[in-house]
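Engineer: Features from TrEMBL:
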BINDING   Lys32, Gly33, Gly34, Thr35, Gly36, Lys37, Thr38, Ser39  ATP binding site
DOMAIN    26-243  domain 'CobQ/CobB/MinD/ParA nucleotide binding'
Amino acid sequence: MSDQAQKLREMFSAARQESKIRANAIGVASGKGGTGKTSFTVNFCLQLAEKGKRVLLFDFDIGMGNVDIVLGEAPEYSILDFWQQKLPLQKVIQKSPAGIDYIAGGRAFNDFFLPESSEVHSFLHELEQLMDQYDYIFFDMGAGMTKESLQFLLAADEIILVVTPEPTSLMDAYSAAKHILLARAESRLSLIINKSSSDKEAAFAYERISSVLAKFLSAKVQRLGFLPEDSAVSNAVLKRSPVTVSYPKSKYSKAIRHAAGCFLEERETGFESSHSGNFMARLKNLLKSTAGKGG
């Protein structure tokens, strides 16, 4: 990165701190399981943290969370302790030695979205307190598109869809994007093409989705990056360590670092000031309208 670009980043970063802009809320989703979404999210967050950003990763695959597994950690608390044991949300945040904070999704819990309205209010209040503590809060959603996950995605400042070049994944990703855009046309969508055999295959997959969205929904989707199929990813899971930590020189790790660098460069030259700050207002409206109705 050039000296000029670096100075520009530092200038906007300083301006951000002075104006106390709240964290950008980013939802990460996939149209189906098996896309490598959580591995991407964990390692992407680690790269942002390595570049000096304060990052909170919220595992929103409630009851079936995998963020802690990809990190190779055994969290003391999870989001279940907030709902079941009434612990403060701040208390359930885990500090990973890898450099990020995270809230684990926990295991075996089926009624996350059946709280009383007072509990929803408490959750929203405590979540809002976290917005000033981080630069980015990532929500790693469960695979697929449920009513509950859609609410958080619609509230998010930005949505990242993780897709593979397989036709079924592309179709499911288009369906997910369609649900989001029809509900909130101004949603900002970015694509990560994962598990590609080549840049050519990844570019073709991106063009297929982006062209269909442009044609039928008049929507533009950003290209965040291409991630190669790499055995280092599965090897890292077996080692219970993030791939960017275990295999920093792997093709996947290099691609993640590149994507994170591009992500920050764009968002720290004016993007954040026009796209952050409304997450909590949108989320309150969406969740309060369904509080107590059940899933």
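Backbone N, Cα and C atoms are what each Cβ position is placed from, and that goes for glycine too.
TrEMBL does not curate its annotations; it predicts them automatically.
Describe the structural surroundings of these features, if you would.
Structural biologist: The secondary structure of Lys32 (ATP binding site), as reduced to three states from DSSP, is coil rather than helix or strand.
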Engineer: Among all chains shown, work out which of the binding-site residues Gly33, Gly34, Gly36 has the most CB atoms within 10 A of its CB.
Structural biologist: Gly36
Engineer: Among the binding-site residues Lys32, Lys37, whose Cβ has the fewest other Cβ atoms within 10 Å?
Structural biologist: Lys32
